[in-house]
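Colleague: I'd like to ask you about the structure that follows.
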Amino acid sequence: MSTLKQRKEDFVTGLNGGSITEINAVTSIALVTYISWNLLKNSNLMPPGISSVQYIIDFALNWVALLLSITIYASEPYLLNTLILLPCLLAFIYGKFTSSSKPSNPIYNKKKMITQRFQLEKKPYITAYRGGMLILTAIAILAVDFPIFPRRFAKVETWGTSLMDLGVGSFVFSNGIVSSRALLKNLSLKSKPSFLKNAFNALKSGGTLLFLGLLRLFFVKNLEYQEHVTEYGVHWNFFITLSLLPLVLTFIDPVTRMVPRCSIAIFISCIYEWLLLKDDRTLNFLILADRNCFFSANREGIFSFLGYCSIFLWGQNTGFYLLGNKPTLNNLYKPSTQDVVAASKKSSTWDYWTSVTPLSGLCIWSTIFLVISQLVFQYHPYSVSRRFANLPYTLWVITYNLLFLTGYCLTDKIFGNSSEYYKVAECLESINSNGLFLFLLANVSTGLVNMSMVTIDSSPLKSFLVLLAYCSFIAVISVFLYRKRIFIKL
């Protein structure tokens with residue numbers, strides 16, 4: 001048993017990752033499938049309402065296509081994108097020429113804002129973005145244990161970029177976007193919860209995740225399950241990181257009334273990077289030190305937590321200009337529900353440029369981060385490190401998510417999707433509705449599969465069939481819960 005455990009640990013150890021260009025190409029399949037689904041939906045060929053045909057198409061696009069992108073077609077992402085997009089585009093053209101009916105929301109038509117008062121809206125492109133990320137994450141956490149999953153996509157040892165490294169940061173970034181909804185809701189209701197109430201809510205939400213993290217630790221240590229110590233440490237894991245984020249950020253909340261969250265995120269990143277770079281002793285400790293005490297044993301989880309705090313804060317900042325139904329005053333960098341028109345008499349040029357629509361905000365911040373990240377990649381003495389969540393890593397994660405969100409937002413603009421004309425594939429909607437629970441289910445299922453078979457010795461065909469069955473299981477559970485209106489909050 002110990003020999004097999006060692007083989008499995010060696011299978012995911014000492015890896016160097018791949019290029020950012022390839023990662024972008026492979027993960028772009030999620031955006032391409034969203035575009036393809038919209039093409040089919042607007043072609044007048046897809047059956048209306050919920051049908052078995054529609055669900056099969058949905059599952060094929062949003063689960064099978066993503067599975068193919070990181071297994072069989074891992075080396076041919078552009079070919080896979082073409083094979084998916086081209087038939088859907090032809091179906092769209094054919095449907096437009098042969099159908100006499102017109103869609104209720106003609107694409108390319110801009111819709112006027114009906115509601116004047118600030119409201120939080122459910123945006124199709126955010127659901128699609130987060131759903132695609134959750135599905136890809138769920139697939140990858142099991143696929144990484146099979147030879148069919150390229151080693152360059154698995155988490156790197158220390159320096160480098162990989163698909164799974166990006167997935168961890170993207171999960172935190174998207175959670176930041178989701179958490180900004182509560183901040184905007186309190187602001188719109190003119191509610192100011194006390195520090196103690198915020199701390200209690202953070203403990204309540206984080207406590208469940210901490211319990212799951214400790215439960216995972218117990219099973220890993222007692223069931224001879226493979227572990228990668230340099231990932232987070234001896235006792236630490238991703239659930240523990242997620243559990244501590246709400247509580248730690250509760251202590252930052254009072255400061256955010258005077259200082260924007262993006263400024264705090266910049267401060268955290270700069271101070272942390274200074275600690276890493278000021279002399280060699282810090283990095284030597286992180287890479288080479290013995291694991292002879294709790295702090296040293298879990299140094300990756302403890303130090304990288306600072307980087308994840310920064311990513312989470314940038315996710316919150318992004319939510320401020322994405323989630324509302326209209327531009328609000330200075331929403332580019334702070335939570336706001338104040339109407340720009342109402343404040344126009346005393347607003348300045350700065351107010352004009354920082355009160356933005358979702359697409360404008362994404363374009364502005366994407367451009368800023370793209371320029372800064374390229375400069376840092378060029379002149380920084382060290383490469384990206386998910387292990388330490390250093391500055392290059394946080395910049396990479398934030399830039400990627402902003403750029404891809406821009407792509408999703410543009411897709412909605414082109415196809416006329418909005419909160420009034422909400423069109424999102426059921427697979428994406430359902431996994432969003434119970435995201436954290438399904439992430440936990442995916443982790444548990446991954447453990448069960450690993451204990452029931454020797455994944456590293458599986459043939460390509462067997463690997464793919466097992467992964468397809470796993471995808472079907474998670475997808476069916478998610479849709480079942482969604483149709484029954486069962487929403488499990490952890």
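Cβ coordinates come from backbone N, Cα and C, glycine included.
The model shown is predicted, which means the values in this text are computed figures rather than measured ones.
The topological domain 'Lumenal' annotation in Swiss-Prot covers 1-19, 150-157, 221-231, 279-301, 378-390, 457-460 and is backed by sequence analysis. Among the features that Swiss-Prot reports, topological domain 'Cytoplasmic' is placed at 41-54, 98-128, 179-199, 253-257, 323-356, 412-435, 482-490, with the record citing sequence analysis. Taken from Swiss-Prot, the feature transmembrane segment covers 20-40, 55-75, 77-97, 129-149, 158-178, 200-220, 232-252, 258-278, 302-322, 391-411, 436-456, 461-481 (among others), and the record attributes it to sequence analysis.
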Colleague: Excluding the flanking five residues on each side, which residues at least 6 beyond the ends of the transmembrane segment (129-149) place their CB within less than 8 Å of a CB in that stretch?
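Modeller: The answer is 8, 11-12, 27, 30-31, 33-34, 62-63, 66-67, 70-72, 74, 155, 163-164, 167, 170-171, 174, 177-178, 404-405, 408, 424-425, 427-429, 431-432, 435, 438-439, 442-443, 445-446, 449-450, 455-456, 458, 460, 463-464, 466-467, 470-471, 474.
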Colleague: Which residue counts does DSSP give the topological domain 'Lumenal' (1-19) for helix, strand and coil?
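Modeller: In the topological domain 'Lumenal' (1-19), the DSSP-based counts are 10 helix, 1 strand, 8 coil.
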Colleague: Take the topological domain 'Lumenal' (279-301) and average the pLDDT across it for me.
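Modeller: Across the residues of the topological domain 'Lumenal' (279-301) the model's pLDDT averages 92 on the 0 to 100 scale.
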Colleague: Which listed range (232-252, 258-278, 436-456) shows the maximal number of Cβ pairs under 8 Å with respect to the transmembrane segment (302-322)?
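Modeller: Checked against 232-252, 258-278, 436-456; highest Cβ contact count belongs to 258-278.
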Colleague: Take the C-beta pairs under 8 A between the transmembrane segment (391-411) and each of 55-75, 158-178, 200-220, 436-456. Which stretch has the highest count?
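Modeller: Of the candidates 55-75, 158-178, 200-220, 436-456, 158-178 scores highest.
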Colleague: Do the transmembrane segment (55-75) and the transmembrane segment (436-456) come close, with at least three CB pairs under 8 A (pairs 6 or more apart in sequence)?
Modeller: no
Colleague: Against which stretches of its own chain does the topological domain 'Lumenal' (221-231) lie, if we need a Cβ under 8 Å and a gap of at least six residues from its ends?
Modeller: 1-2, 5, 8-9, 12-13, 155, 157-158, 237, 291, 300, 387, 447, 450-451
Colleague: Can you count helix, strand and coil residues in the topological domain 'Lumenal' (457-460) using DSSP?
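Modeller: Going through the topological domain 'Lumenal' (457-460) residue by residue, I get 2 helix, 0 strand, 2 coil.
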Colleague: Using DSSP, break the topological domain 'Cytoplasmic' (179-199) down into helix, strand and coil residues and give each count.
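Modeller: The breakdown for the topological domain 'Cytoplasmic' (179-199) reads 15 helix, 0 strand, 6 coil.
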